[in-house]
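As written in TrEMBL, here are the features:
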type	residues	note
DOMAIN	23-287	domain 'NADH:quinone oxidoreductase/Mrp antiporter transmembrane'
DOMAIN	290-343	domain 'NADH dehydrogenase subunit 2 C-terminal'
TRANSMEM	56-76	transmembrane segment
TRANSMEM	96-115	transmembrane segment
TRANSMEM	152-171	transmembrane segment
TRANSMEM	178-197	transmembrane segment
TRANSMEM	203-222	transmembrane segment
TRANSMEM	243-261	transmembrane segment
TRANSMEM	281-304	transmembrane segment
TRANSMEM	325-343	transmembrane segment
Amino acid sequence: MNPQAKLVFTTSLILGTTITISSNHWIMAWAGLEINTLAILPLISKSHHPRAIEAATKYFLVQSAASALVLFSSMTNAWYTGQWDISQMTHPTSCLILTTALAMKLGLVPFHFWFPEVLQGASLPIGLLLSTAMKFPPITLLYMTSPSLNSTLLTTMALLSAAVGGWMGLNQTQTRKILAFSSISHLGWMSIIITYSPKLALLNFYLYTLMTMAVFLSLNAMKALKLSTLMTAWTKTPAISTMLLLTLLSLAGLPPLTGFLPKWLILQELTKQEMAPAATMIALLSLLSLFFYLRLAYCTAITLPPHTTNSMKQWQVNKTTNSTMAILTTMSLMLLPISPLILPTI
């Protein structure tokens with residue numbers, strides 16, 4: 001892709017996100033979401049592969065429908081209350097339509113079907129954008145409207161997302177699809193808590209973004225699109241494979257690592273809100289996700305290929321990527337001890 005064109009699209013992505021997260025008026029938020037959608041489409045389809053074109057088309061159709069629903073819900077709310085302010089979304093029907101629209105934008109169950117397909121059609125760097133940056137504007141809109149959202153609906157969708165994200169990821173062999181289902185189950189954890197403790201949902205999103213960035217950059221450095229490629233990666237890039245192994249365990253939410261922090265706080269908050277059954281269910285459903293993370297980790301570092309390669313071990317990849325990956329991996333592993341600093345702010 002032409003560097004100037006790439007610069008325009010990247011700038012538009014940043015602009016669209018900034019407009020949405022900083023706006024108070026629904027029309028501005030909607031405009032930001034539209035700029036975002038239009039800027040990411042050429043980046044998804046830049047390889048001109050049929051799968052990439054298909055992914056871009058699916059993404060466009062779903063996001064257009066979701067944006068139309070966002071606009072419809074805000075207009076309905078303005079019709080009944082005379083308010084265009086995002087924080088004044090008080091009409092129950094409008095809240096219901098808005099929850100559906102944002103669930104479509106994020107890829108929450110039952111509106112998740114597009115996400116694994118789109119991620120599979122995109123390259124790993126664009127997959128990273130779709131899994132993290134593109135989820136930020138809808139999450140902030142959920143955050144701003146959280147007091148008036150229907151918590152029963154969100155809890156149901158969250159439990160379904162954790163279940164489907166876990167079940168569907170079990171049988172996958174493509175790393176991008178596995179990460180897509182991982183994203184769906186993590187979104188379940190965010191949406192179950194957003195009406196009770198919005199700051200905690202945002203904290204979960206930030207930590208999820210950190211860990212997912214580390215995983216995507218590691219996979220991109222190893223050029224691993226399938227589990228079979230991942231199995232032979234140890235002989236070529238042992239350092240990156242070790243980093244990926246630890247980050248995957250953190251993403252699974254195992255105790256001494258960063259990924260355990262949001263899960264622990266969410267379960268604690270749900271118990272305080274007298275939602276122990278929901279907390280138990282989502283904790284048990286996360287075991288499904290743990291299984292496929294462990295399978296990925298096993299393929300990465302414990303399975304050795306039958307024939308060792310004669311190629312030189314690559315201890316150093318691109319310097320910039322190396323330092324970014326090192327910082328992200330360190331943060332993905334070692335932020336649990338700072339939880340006493342975080343707890344007073346939530």
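Counting begins at 1 with the first residue displayed.
Heads up, the Cβ atoms here are built off N, Cα and C, so glycines get one too.
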Is the transmembrane segment (243-261) close to the transmembrane segment (325-343), in the sense of at least 3 CB pairs under 8 angstroms with a sequence gap of 6 or more?
yes
Can the transmembrane segment (96-115) be said to touch the transmembrane segment (178-197) if we require at least 3 CB pairs below 8 Å and skip pairs under 6 apart in sequence?
yes
Any idea what the model's mean pLDDT is for the domain 'NADH dehydrogenase subunit 2 C-terminal' (290-343)?
79
